[in-house]
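A.B. asks: To start, I am sharing the structure in question, which I have written as structure tokens.
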Amino acid sequence: MERITVTLGERSYPITIAAGLFNDPASFMPLKAGEQVMLVTNQTLAPLYLDHVRKVLEQAGVMVDQVILPDGEQYKSLAVLEQVFSALLEKPHGRDTTLIALGGGVIGDLTGFAAACYQRGVRFIQVPTTLLSQVDSSVGGKTAVNHPLGKNMIGAFYQPVSVVVDLDCLKTLPARELSSGLAEVIKYGIILDHDFFVWLENNIDALVALDMQALAYCIRRCCELKAEVVAADERESGLRALLNLGHTYGHAIEAEMGYGVWLHGEAIAAGMVMAAETAHRLGQFSREDIERIKALLLRAGLPVCGPQEMAPGTYLPHMMRDKKVLAGELRLVLPTAIGQAEVRGGVGHDMVLASIAACFPDGMSK
């Protein structure tokens, strides 16, 4: 068992990583007998895990209610959020309740935002079931729902009281979802840790093959990096913005194509190549390192090009709604070397468009 602490003073919390955690009620600390829980999951995961987790909690004396939501990025919406609020109010649940987010990034983000809002804030526990949520979205307190005009535009910074990462969940994860999570894994190597990027180059095939020893190390390292960044910059005023590598471009893909058509990690993978291409055109990132990134993404089963049906000009309106835009100026996270990145403003729209165009299936720069 691995345990990592996200250090935020009195709001610090543990990330527990191991196989078989769902079998032990102690995994769901700080829950105690007699406390009330609302377990939030989706229609895909409910048949796999809901009854088991509920039984373990009830055997420990926890009073459990549940709400089962539709599955998919397109349901990370205000309308679906209202279903959670209605379930809480109908029981009813008070300020002493705890929400448990049993699912991937959509369930985690939506449940966390519900916890932040319900009666002005109740406890919640993240129980991520996808690789993407285990290495990224469950840690750090970013909670949100989408709006038709932009991803994660309605949300709050609100930290969980714990994160429970049961490695056994990955055994039921579809291959496409595993690859989507690997995009965020690769991101950490590009922006923060050259040695980890090299480790990924040597071990990506083992990760794709669901080698549990490799996955355990990979998840632990990503959580360590994320915890360090969040402890230093919880509300994304500086360092934490680097975690958005590829997201300004990738969120444009998700919004334009329709949420869920491209998985989040797929869009971020293409976005990271676009960011690297932009950095190269600015003279701060080598062509050799772009090729290393592309090769690793391809081995992970990820795209390195944007959607063919999205013309470069369709990206910019979405990118200008990005949360990093200040005073109308586009600010991009760009790599400067493998293991290093920066937030850079003042990049001309023509250069951004040219970089996107270079990442079309028939237009990749040689």
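Glycine too: its Cβ is placed from the backbone N, Cα and C atoms.
Copying in the features that Swiss-Prot gives for the protein in this structure:
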BINDING   71-76, 105-109, 129-130, LYS142, LYS151, 169-172  NAD(+) binding site
BINDING   GLU184, HIS247, HIS264  Zn(2+) binding site
A.B. asks: Counting other Cβ atoms within 10 Å of each residue's Cβ, which of the binding-site residues ASP71, GLU184 comes out lowest?
C.D. replies: ASP71
A.B. asks: Cα-Cα, whole number of Å: GLN74 (NAD(+) binding site) versus GLU184 (Zn(2+) binding site)?
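C.D. replies: Rounded to a whole number, the Cα-Cα distance is 20 Å.
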A.B. asks: I'm trying to understand the geometry here, so how far is the Cα atom of HIS264 (Zn(2+) binding site) from the Cα atom of THR172 (NAD(+) binding site), in Å to the nearest whole number?
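C.D. replies: Spelling it out, the Cα of HIS264 (Zn(2+) binding site) and the Cα of THR172 (NAD(+) binding site) are 19 Å apart.
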A.B. asks: Hey, which of the binding-site residues GLY105, GLY108 is the loneliest by Cβ count within 10 Å?
C.D. replies: GLY105
A.B. asks: Under DSSP, is GLY105 (NAD(+) binding site) part of a helix or a strand, or is it coil?
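C.D. replies: It is helical.
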A.B. asks: Quick check: in three-state DSSP terms, what is GLN74 (NAD(+) binding site)?
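C.D. replies: GLN74 (NAD(+) binding site) sits in a helix per DSSP.
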A.B. asks: Out of ASP71, GLY105, GLY108, THR130, CYS169, which of these binding-site residues is nearest HIS247 (Zn(2+) binding site) by C-alpha distance?
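C.D. replies: So, of the listed binding-site residues, the one sitting closest to HIS247 (Zn(2+) binding site) is GLY105.
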A.B. asks: Reported as an integer number of Å, what is the Cα distance between GLU184 (Zn(2+) binding site) and THR130 (NAD(+) binding site)?
C.D. replies: 12
A.B. asks: Enumerate the residues of the same chain, GLU184, HIS247, HIS264 excluded, that satisfy the criterion Cβ within 8 A of the mean position of the Cβ atoms of the recorded Zn(2+) site; list them in sequence order.
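C.D. replies: Not counting the recorded site residues, we get LEU132, ASP136, ALA183, LYS187, GLY246, GLY250, GLY265, ALA267, ILE268.
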A.B. asks: At 10 angstroms around each C-beta, which of the binding-site residues GLN74, THR130 has the fewest other C-beta atoms nearby?
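C.D. replies: Least crowded of the binding-site residues GLN74, THR130, by Cβ count within 10 Å, is GLN74.
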